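Novice: Below is a structure I'd like to ask you about.
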């Protein structure tokens, strides 16, 4: 859903140009995600959802907030040469430390989320690796690519974790996915390629217009 909200909010603030190719690319990618999600849902080994409605609402709100956050960054920053990445992520980390983590003990107190200190060195290593690779490095590359391309391109790019996870299961675990999962993964890739092709065409047209305007000066 984040792709739909990113495209819609981006078009509203003139960050994204709404056209049929982008709309169809988002729908194709979204359909692929649905197929993959439903394929996992019918797996009997998965735990039964205790509050599916609340989970769906929270996921929907998360998609809306992601779209607003991405478009706001693109709208206010615009280009990667206008931001100090180190300072930006330093402030992100500072706000997380000051505002977000103190909530965890409260969630633990009310029994909503378990909060405890890791008890062995292996867990600490996993936490630090995840913090560096899964948080800092991925967010840095995400922000840089968003500023160099467009919010919609990186949003659909994040969905590529689905086919990459499929490849990982095949190569490292020997798990052969079912046909529904495979089709869903292919649709995600197709949506990403479609929106990238459109972005390249838009960039080419914009470059030609700038050259024409400069030649007329």
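Backbone N, Cα and C atoms are what each Cβ position is placed from, and that goes for glycine too.
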Novice: Pick from 2-20, 21-39: which stretch is listed in TrEMBL under transmembrane segment?
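Specialist: That would be 21-39, the stretch labelled transmembrane segment in TrEMBL.
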Novice: As a test of reading the model: what is the averaged pLDDT for the domain 'EamA' (54-196)?
Specialist: 85
Novice: When you look at the transmembrane segment (85-104) alongside the transmembrane segment (21-39), do they share 3+ Cβ pairs under 8 Å, ignoring any pair fewer than 6 residues apart in sequence?
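Specialist: By the criterion, they do not touch.
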Novice: For the transmembrane segment (124-144), give me same-chain residues lying six or more residues beyond its boundaries with a C-beta closer than 8 angstroms to one of its C-beta atoms, as numbers and ranges.
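Specialist: Those are 73, 80, 85, 88-89, 92, 118, 154, 158, in sequence order.
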Novice: Under 8 Å between C-beta atoms and at least six residues away from its ends: which parts of the chain pack against the transmembrane segment (151-172)?
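Specialist: Contacts of the transmembrane segment (151-172) (Cβ under 8 Å, skipping residues fewer than 6 from its ends): 2-3, 6-7, 10, 15-16, 22, 25-26, 29, 32-33, 36, 66-67, 70-71, 73-74, 142, 145, 181-182, 184-186, 188-189, 191-192, 195-196, 199.
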